[in-house]
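The structure appears below as structure tokens.
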Amino acid sequence: MLVRLTKLSCPAYHWFHALKIKKCLPLCAPRCSSTSAVPQITTHYTVHPREKDKRWEGVNMERFAEEADVVIVGAGPAGLSAAIRLKQLAAEQGKDIRVCLVEKAAQIGAHTLSGACLDPAAFKELFPDWKEKGAPLNTPVTEDRFAILTEKHRIPVPILPGLPMNNHGNYIVRLGHLVSWMGEQAEALGVEVYPGYAAAEVLYHEDGSVKGIATNDVGIQKDGAPKTTFERGLELHAKVTVFAEGCHGHLAKQLYKKFDLRASCDAQTYGIGLKELWIIDEKKWKPGRVDHTVGWPLDRHTYGGSFLYHLNEGEPLVAVGFVVGLDYQNPYLSPFREFQRWKHHPSIQPTLEGGKRIAYGARALNEGGLQSIPKLTFPGGLLIGCSPGFMNVPKIKGTHTAMKSGSLAAESIFKQLTSENLQSKTTGLHVTEYEDNLKQSWVWKELHAVRNIRPSCHGILGVYGGMIYTGIFYWILRGMEPWTLKHKGSDSDQLKPAKDCTPIEYPKPDGQISFDLLSSVALSGTNHEHDQPAHLTLKDDSIPVNRNLSIYDGPEQRFCPAGVYEFVPLEQGDGFRLQINAQNCVHCKTCDIKDPSQNINWVVPEGGGGPAYNGM
């Protein structure tokens, strides 16, 4: 069930429409504070321990435990590649290895969202017989176009051979369908795949090495009390635990701190990707065409761009999407509404006119590149795929590097597991060879070559400076320049105070090309058990109003692409309170990344909840 939004949820709504000006005025005191007590928002046990709650006295908290050789968290391209490669090696060498894979989505692929234009290199390495097996690679790229948009015009830019955005030899895919197919291959090889099980906790041995994971408890009321149906989560123990949670994984966040994995790298920087699927007029359908743009409606200092892919899926289907770098500065910016505005560009709207939108979704993505990759291994576990972040940003691709990292991890794990001279200083195996092998692979070479392109957009010319840098230095030196540019810090630190920014007045959606937020989220299939604690937890319930609303005019109500956060009037007294509509959450992780106070902590809801994407 989706939660309907109200115009009162945005204090600035009345402000904009009463004044009808584009100048930021001093913020009004009533929305900054109230004499009444701060309403309790967070009831989750990660913030309010159950040991201190009398309602939990006498509840059986024992957990059942299972043992495996390898446990993998996340059934995306990386996690499935690791599982499949492990079982391939085991079959080749006659070894018996138990591999368990847990996935929080109700079905494999239901939480997967990407463009996606696939570089098939790693996929073909993993499945040399992919054609015979019927892999859903149905749309080879036949036409590749890139352009700069102004408000009214499209300026074509040639894609020269060797530039990272060249898509010759690639395939347009529905990544959710490809992941679902990979899940079938994994199960056929003997991988134990458990959809609907959300990994909620990292378990440790007494020596500090990773022991495995525990899935989350189910049967807890919204107020934090146990239901009569309460069930403790399951523990999965393994010699090696592989974390393939995707971008900004909530367990990876804990591991970064536990093992200081980010001590020698830049802060990760992110983007938010929004996507829709459309069925269009068959006369406008060009199967295999790839379109990318930069520029309007974003200004030059806001990194981002768009894609429009024509799929050959038996019907005139196109994937349209928009990416906004989460290092943007204006708190009034709404990535969702920028996306809706972009579709009205004279070069985009004609393709969609007369068509029907059939799906919507959003997901954060890593943009930090080589400089932001953390240490990948630690006693008992390792990180693969988009969890550490192997996306090639100028290439606009990360699936191929994620898959290769999974395969390399599997090969390193298998070698250590089956070694006759296995020695380990810790109970959980430390597979250090994985990071060494990755740095010697084409993944590292590819990311090293493009390492300076994304941070080159931070200069006075913004995105256009990055394009100039690419055209000169990358074209000539191919990434061999003897310097490495730095990112400018975490995305949460980049917002300016609202008083220093110009409000953005977005056009009203027309219901044909552009749409409102609620009708969009409805197309994601998102659903959560209503009577459970909100999985969007706050470290301090007072901060959203006292700091975020006061200083930044409540940016969470705009950066969330699903209408999860609303500022609504207090029932008693003056001022506002934050309302969290957790049922709407599409698990994109943007709030955890962009919150300027770093007060929001995304944790897993009950397994099986969230979006139900069909081939996104």
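From the backbone N, Cα and C atoms, a Cβ is placed for every residue, glycine too.
Residues annotated as FAD binding site in Swiss-Prot, with sequence analysis given as evidence: 70-84. Positions annotated as ubiquinone binding site by Swiss-Prot: Gly304, Gly305. Sequence annotations record features per position, and here Swiss-Prot assigns domain '4Fe-4S ferredoxin-type' to 576-605 based on sequence analysis. Taken from Swiss-Prot, the feature N6-acetyllysine covers Lys95, Lys131, Lys222, Lys356, Lys415, and the record attributes it to a large-scale study or a structure entry. The phosphoserine feature in Swiss-Prot is assigned to Ser550; the stated evidence is a large-scale study or a structure entry. Swiss-Prot lists 1-32 with the feature transit peptide.
Put simply, Lys131 is the one of the modified residues Lys131, Lys222, Ser550 whose Cα lies nearest to the Cα of Ala78 (FAD binding site). Averaged across the domain '4Fe-4S ferredoxin-type' (576-605), pLDDT for the predicted model comes to 98. Gly305 (ubiquinone binding site) sits 31 Å from Ala82 (FAD binding site), taking the Cα positions as reference. A gap of 25 Å separates the Cα atoms of Lys356 (N6-acetyllysine) and Gly304 (ubiquinone binding site). When the neighbouring Cβ atoms lying within 10 Å are counted for each of the binding-site residues (Val70, Ile72, Ala82, Ile84), the highest count belongs to Ile72. Taking a C-beta cut-off of under 8 angstroms and a sequence separation of 6 or more, Gly74 (FAD binding site) has the following same-chain neighbours: Leu101, Val102, Glu103, Ala199, Phe243, Ala244, Glu245, Gly246, Gly249, Gly385, Ser387. Geometry remark: Ile72 (FAD binding site) versus Lys222 (N6-acetyllysine), CA distance 30 Å. Of all Cβ atoms in the shown protein chains, 23 besides its own fall within 10 Å of the Cβ of Gly305 (ubiquinone binding site). According to its DSSP assignment, Ile72 (FAD binding site) is in a strand.
Cβ contacts within 10 Å of Gly76 (FAD binding site), excluding its own Cβ and spanning all protein chains shown: 30. Here Leu80 (FAD binding site) comes close to Leu101, Ile108, Val179, Met182, Gly183, Gln185, Ala186, Gly406: these same-chain residues lie at least six apart in sequence, with C-beta atoms under 8 angstroms from its C-beta. Under the DSSP three-state reduction, Lys95 (N6-acetyllysine) is assigned to coil, being neither helix nor strand.
With respect to Cβ neighbours within 10 Å, the modified residues Lys95, Lys222, Lys356, Lys415 differ, and Lys356 shows the lowest count. Between the C-alpha atoms of Lys131 (N6-acetyllysine) and Gly304 (ubiquinone binding site), the distance comes to 35 Å.
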